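Below: one structure, written as structure tokens.
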């Protein structure tokens, strides 16, 4: 029997519903249950693929090529289960599907309405494909009271009535703000949030209360009384030092036991959380530290690089060091010397991005790393700019550039117009739509057997996730390799460069894919493990 748990949020946004959902999934997994995580996003975009990273944050790409919410990254990292396009849906996607069906005549002339057509589509999505799972955790994006979320709340209310008794539960994540002048945590915002939820027809079974200090017993009693939940169902979600402490913290508070009790399941043993304790101990007690510069375009919102931050943390865990991040806006290097910003750092990472803004700054960062022998990791756009830099500085091609920025006589990086997905040829044109038109999802690559990157991976066959429209031009391979920039990884057909490395450099690697999307705390990605390892070596030389 599959049981459904719906996670909603109240009072304010950005409370961490995704982390809470992932942590609960990890706790249930640690008890031996099979868990699926899904995300309902109320915004009208079809997917986050064309949304600004500084507004929405990272776009998390799945193996099957879906551009999804960053919370799916939390789901994967905490559970180790790869997400798919079937785990995330938006209002925009639902409306697009409904309108397409209406235009096709599928509704036989019926008047299309939010109830039942939109709510039915949401329910169908929630219930589809859950065979074999013990629990399905469904996170509803946004905050209770948001007008965009009303169809989703109505849909999960209906599911509470339609599913057999004992198969559905609701968790409400809320905030208990501390008022210094009063010297106490305030429960009134939570009471109002629950009242709003109940006015929709949803009675939460568990309150997960974010706070920065212990909740006094009297406040727990007040919340239980006014929000109509058991006192044991008022769960303290106190701030912790690391997100990898969240499952341990929620486990100590009994969140998983309370969920099992809701479904009439007796918790006969404790969850097996030893590996989480090991990760927590390594994060809290590093044996050293390194400093890494991230030269990016969206540094104003760290969520734009969420998976990258976590992958670097995983590399630190593997090397037992703390990773300190120095955020540098790439545009700064277009008007200032990079040296004062980068001196004394142990590694430079240039992440993905789109557009000309900051491109020359990233090129200068790559040159500094190459010339000063500092470990350099270029991801997607960061690889492309490293190749442009090498073409200009090493191969004697001063006009080398990317066609992404306009016409150029030396298109070292150009628009990717066709590529193979399995046995099928995919094509794109420059004039096409932006949404969903990139090389997306998991693709295989072949690494040169004697390359550094093959040594790091421990093999020559890899599969990594991509998200890009532009690709390094193979026509420049011979000239670049003659100057020490090796094309060490190619697509299976040998037509697309996937990895490059600078020979004779301590650690200079560029990859066209996004390895950060596949890194896990218990299985750090080999490239991040190696990069941080190289930074540790560099730290001993400074």
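Numbering starts at 1 and runs along the chain as displayed.
Just so you know, glycine gets a Cβ as well, placed from its N, Cα and C.
Among the candidates 71, 87, 303, the residue that Swiss-Prot names alongside 14, 15, 16, 17, 18, 19, 238, 239, 240 for the ATP site is 71. Listed by Swiss-Prot as binding L-glutamine are 381, 382, 383, 384, 404, 469; the candidate from 347, 353, 441 that the record includes in that site is 353. A 10 Å radius around the C-alpha of residue 380 (active site, nucleophile) takes in these binding-site residues out of 186, 353, 404, in sequence order: 353.
Across the structure, residue 16 (ATP binding site) and residue 139 (Mg(2+) binding site) are spaced 11 Å apart at their Cα atoms. The two recorded residues, residue 353 (L-glutamine binding site) and residue 186 (CTP binding site), show a Cα separation of 42 Å.
The recorded positions in question are 139, 239, 404, 516, and the one with the fewest Cβ neighbours inside 10 Å is 239.
Taking only the Cα positions, the spacing between residue 71 (ATP binding site) and residue 516 (active site) is 14 angstrom. For the region 'Amidoligase domain' (1-265), the model gives a mean pLDDT of 95.
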